[in-house]
Amino acid sequence: MLILGSHVSLKGNDMFYGSVLEALEYNANTMMVYTGAPQNTIRKPIETMKIEEAHALMKEKGIDLNHVVVHAPYIINLCNPDPERRAFAVEFLTKEVIRVGQMGINQMVLHPGSAVGGNREEAVQWISEGLNQIIDNTKSYNVRIALETMAGKGNEIGKTFEEIKAIIDGVDDKSRVSVCFDTCHVHDAGYDVIHDLDKTLQLFDDIVGLNYISVVHVNDSKNELGASKDRHENIGFGYIGYDALLKVIYHEAFKEIPKILETPYVNDKPPYKLEIQMIKDRVFDNELKTKLEK
């Protein structure tokens, strides 16, 4: 079974229940949500999230809760050189992991962080130390933290497979960490998923281990290979291309894990229903953007 969905929003007063409704509108069987705004750390009380209603609807419609993903806010940086800011990041992510666990979700995607000042080895160490504290603070919640592969914009940590491995190596309880493989980021970081997907996956397996990949972000890229820009494009309309992304989506290595679209809106309209159908049909629709622009 193809496990495919997209980013969805918390919907007003419907909250998590509204997120499920949105995913169903796209004919998705999984989804990725934020527990609040991704640009800040303000969170509404967990009691307002309509979790029971969301779970009931997912069960009715055949969405496996084990395939649902949360994304942590972008602004959290576990490797900030300021000890107080690192402590805040640990404190907030501890609360976020608990919140994810209370929602019944078992994995949270996290951007590893940015090496402010440029010392990457020290940054990697701080990330591992922060993850150890978060995991130690949340032992009663079986939530994995999925480290996202990054494009390498600025001083982002996680551009190379070696950096992902180094972070994981520093984590004591490795059952609580995994990897989110982002196609746009990997491409922009310089790994060829167009012509050498199997070679790239073999390289990841040799360095980190394919068994660590627990979610795939499926995005095309507005930039050429190795650009380090991180600019997502709609499926088939970027430099990676439809055929290459289809190989990722249907690759045997990713058969049992969720594939999540994070492609840009077109004319303020979500493209996900059309993109999901195009992926299921296995035929590129070069009119997709035109349809959304009407």
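Just so you know, the numbers here start at 1 and follow the chain as drawn.
A Cβ is built for glycine as well, from the same backbone N, Cα and C atoms used for every other residue.
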Of the candidates HIS111, HIS187, the one that Swiss-Prot places in the Zn(2+) 1 site of HIS71, GLU148: HIS111
Of the candidates HIS55, HIS67, HIS185, the one that Swiss-Prot places in the Zn(2+) 3 site of ASP230, HIS232: HIS185
For HIS185 (Zn(2+) 3 binding site), nearby residues of its own chain (Cβ under 8 Å, 6 or more apart in sequence): GLU148, THR149, MET150, ALA151, HIS217, ASN219, ASP230
